[in-house]
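Per TrEMBL, the features are:
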DOMAIN    144-274  domain 'Fatty acid hydroxylase'
TRANSMEM  60-79  transmembrane segment
TRANSMEM  100-120  transmembrane segment
TRANSMEM  135-156  transmembrane segment
TRANSMEM  192-217  transmembrane segment
Amino acid sequence: MAMNDSVNILNSAYLAVEYIDSFLPDNPLQQPFKNAWNYMLDNYTKFQIATWGSLLVHEVSYFLLCVPGFIFQFIPYMQKYKIQQDKPETWEKQWKCFKTLLFNHFFIQLPLICGTYYFTEYFNIPYGWEEMPRWYVLVAQCFGCAVIEDAWHYFLHRLLHHKRIYKYIHKVHHEFVSPFGMQAEYAHPLETLILGAGFFIGIVVFCNHVVLLWAWVICRLMETIDVHSGYDVPLNPLHLVPFYAGARFHDFHHMNFIGNYASTFTWWDRLFGTDSQFIAYQEKEKKKQCITKK
């Protein structure tokens, strides 16, 4: 009975969004995007699209999303939004991070990306324009992927902080006490595999078109680079996402090496009380600000 009620609610929500979408003006970018997509299908094989297309989406998205945080360090005005103002970025750390990233991207992640084509073939996942889901379906699927990945990340990340394991694997990621955007995927190769596995679970559950692979890559990178940016910038559109953790939440984890284990949302840490030190820290900061104002 409960299952039927849930299905009815989801169907009603889908119909409501579809009805609202019918009143929205046509997207001027839809036709150019359609032309580009069909051109890609006509000129490249599925293997090339799944493999090299996925690699291109990942690399371009990753480093483009890192650009704002990288530029902030050179803008004095933006320093008031830096969370750990006493720990500025250095060229030495950024260069070391970049070299490790290239190794992880091409020697750890690329072999996994090479399996994308075989995954889409095994599950008969379409590539065509006509089968592509509407934008609101993609948004819902990406949110579902984020919920699943967040649960995986919380429990496995917390396990990696166990005193018997931490120094062998996760310590590499915590090499930078004050994180910066490019450091989001700076990690031990085993951690890349362990925590990265959570990314693929949502794909297995929701994927009904190859475009979801790329949409979810972009969404996940956007989130993880934001929380590692080291800057709490106002009017950040990601803060509109319900229960979104944000940069301050994860920055505290890097400062203290404990608590705030989730990747995207706050509910697991709230449920298990692993955000208690962060809450206490926030209350102290508020009191300091009140005293300063007086």
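The first residue you see is number 1, and the count goes up from there.
Cβ coordinates are placed from backbone N, Cα and C, and glycine is handled just like the others.
Model confidence over the domain 'Fatty acid hydroxylase' (144-274) is summarised by a mean pLDDT of 96. Assigned with DSSP, the residues of the domain 'Fatty acid hydroxylase' (144-274) fall into helix, strand and coil as follows: 87 helix, 3 strand, 41 coil.
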